[in-house]
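Asker: What follows is a structure written as structure tokens; I'll ask about it next.
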């Protein structure tokens, strides 16, 4: 009985003691709003999920953008190939015409030599030396007659040798002309074939882009929505973290750990490395500003009036011909700017105006800074497939037809034209335009390439793990962290310093 009473008293005492604990929990819940049914949107798990969502959308955009860039640069390559084939055909035609003139000259030489030989033979026959011996009055006449005969024989042999040489030259030139004709015919066929390939590549790119346009827009919208949601949650998180500081001291709650945000920097661009400094390895840490020098950079205008656009509406052949026409004009602009740049440095211009990197090392840094200054002046200019030439942004082709801007290789073409370096409008060709440097040793002013054989993308390394690029359709010229994914093992250096 005593044991039962004691047990009952214990249970009652426990329930009474539990009342303050329950009341305290309810009070804390009321003060801090932490009901079990309300999930904290700024919780670490939610933030991590949203960050992963943004990263996933970025990755998808990067992959699709890479596929589109590859297709676009394939068209740029095809157009460059057309230009090379047409140049080869024109050179072969000039060689053929020179060969034909050579054959005509050889025929004329044979005809002249034959006439001289015929005249000599007739004179010898009519006035042969046989009667001279009979009419000679003294031995001296005989000696003179003999000498004259020997001279005539030597002259005859000389005329005959010239005739034979002329005939041999004729045969050689006719053979060379035949080879030139075959070469010209093959070059013409190659030019036609390369044009067909370019047309096919352009049509394929048009079809591919049209098919991918919807997906590109969907992914861009998905990425924008995910980023907006992440920004909103981060804002809520920042507001929520400030609330506990205002709570009454009488009812302190354990301080919540700050929500882990993997990257507090601005939202990454598609495919960007979260830590460009770590990714940079041994890349230079040169400051992004121009090197200290006595040059007055303000007097070097990095732009020129825009030259006519490459875009022509209509069939692909018209587009290709227009692009090649603008390339010719762009080359002349490059030559003019090359002369101007060298004159600014106090160096006599090259005969053609094209420096093609042949700039004295003592002026190399100034040249690199001028190239970069030209590029940085275009930040914010839209991406335009096929856009960009030596004078600045231009309307592109197909999807870039309505946009004045640059594509990746067009931006590099524009930047280096300022110092007289002529580049093709194709990243793969630009990759082979200078000295290859291991990417771990790249420095300010080197070109960075992406994709197999540099066929996908090109950018300019600025130093400190940053690069200048015209990345993809829908974007614009901007500075981005260097991406190592897909990078070629070498960068290209056009200017030494």
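Easy rule for this one: first residue shown is 1, then count along the chain.
Here the Cβ of each residue, glycine as well, is placed from N, Cα and C on the backbone.
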Asker: Quick one: which of 253-297, 298-342, 343-387 does Swiss-Prot have down as region 'Disordered'?
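Answerer: The listed stretch tagged region 'Disordered' in Swiss-Prot is 253-297.
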Asker: Choose the correct range: of 133-154, 155-176, 177-198, which one does Swiss-Prot annotate as region 'Disordered'? Give that range.
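Answerer: When 133-154, 155-176, 177-198 are checked in Swiss-Prot, region 'Disordered' belongs to 177-198.
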Asker: Expressed to the nearest Å, what is the distance separating residue 408 (active site, nucleophile) and residue 469 (active site) at their Cα atoms?
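Answerer: The separation of the Cα atoms works out to 6 Å.
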Asker: Write down the Cα-Cα distance for residue 457 (active site, proton acceptor) and residue 469 (active site), rounded and given in Å.
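Answerer: With the alpha carbons as reference points, the distance is 9 Å.
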Asker: Tell me whether residue 457 (active site, proton acceptor) sits in a helix, a strand or coil according to DSSP.
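Answerer: The residue in question, residue 457 (active site, proton acceptor), is strand (DSSP, three-state).
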Asker: Within the chain of residue 457 (active site, proton acceptor), which residues six or more apart in sequence place their C-beta under 8 angstroms from its C-beta?
Answerer: 66, 69, 73, 408, 427, 449, 450, 451, 469, 471, 486
Asker: Determine how many residues of the domain 'NlpC/P60' (365-497) DSSP places in helix, in strand and in coil.
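Answerer: For the domain 'NlpC/P60' (365-497), the helix, strand and coil counts are 36 helix, 38 strand, 59 coil.
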Asker: Over the span of the region 'Disordered' (177-198), count residues by DSSP class, listing helix, strand and coil in order.
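Answerer: The breakdown for the region 'Disordered' (177-198) reads 22 helix, 0 strand, 0 coil.
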